[in-house]
Amino acid sequence: MLTKRIIACLDVKDGRVVKGTQFKNHKDMGDIIELARYYSQNGIDELVFYDIAASARKERISREWVSEVAKNINIPFCVAGGIKSEEDAAELLANGADKISINSPALNDPSLITRLAKSFGVQCVVVGIDSFKDENGNLKVFQYTGDEKTSKHSGKSTLEWVKEVQDLGAGEIVLNMMNQDGVKNGYDLEQLKAVYKICKVPLIASGGAGKMEHFLEAFKLGIDGALAASVFHQKLIDIKELKIYLKNQGLSIRI
């Protein structure tokens, strides 16, 4: 059995870690380096940093904090936001990131996924998918979600895009379930199940974790990793206790 991963997500805006609810009303959560160090020391398996404003504002991610994070932690980390070229990705990887994740830029230029996979290997290339469930239950891919003013439907359905990014060379998919984001009432298991069924690469669930049982429910579907933010930032769930709980439930977890 492959070891399941517990991942903390740090949304970055204007050099600080922030957190919103359903991708809106972001509140300050603290210093990037301090939080990265805290997670590294407290048993998290991996970190994902989303510069939530970079794509929307057409800015580059600051290489300075990426480099500082790399010096201060000893766990893998992934960086996302405004990565539009092989040059952008190369710089972030050179500054210490283990993986890069693309979202809106991949929707604008799907060939970017293939170019990055060829240049750096599929193991480095994560595709983030912001999936919104409408009132009829249709799953739609949104883009530029870092800012309410720019957030919009990309024209693609979630399941179509999941298939497409795999064909293009994505090494991993993070499914951000927008309706669940920050509300702490559990991952959307129905949506996760539908995506997992067509996923041939590692799948990470994001959006909705509120208690330990929510992680267990998601992992029971077969997914590879569960990502959370609010419950970890607010210390509502202790990472080490979560891992012991999951291990006691029979999952393969790194303690």
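Start at 1 and count along the chain as shown; that gives each residue its number.
Yeah, the Cβs are placed from backbone N, Cα and C, and that goes for glycine too.
Taken straight from Swiss-Prot:
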ACT_SITE  Asp11  active site
ACT_SITE  Asp130  active site
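Cβ packing within 10 Å was compared across the active-site residues Asp11, Asp130, and the lowest neighbour count falls to Asp11. Separation of the C-alpha atoms of Asp11 (active site) and Asp130 (active site): 14 Å, rounded to the nearest whole number.
DSSP assigns Asp130 (active site) to a strand in the three-state reduction.
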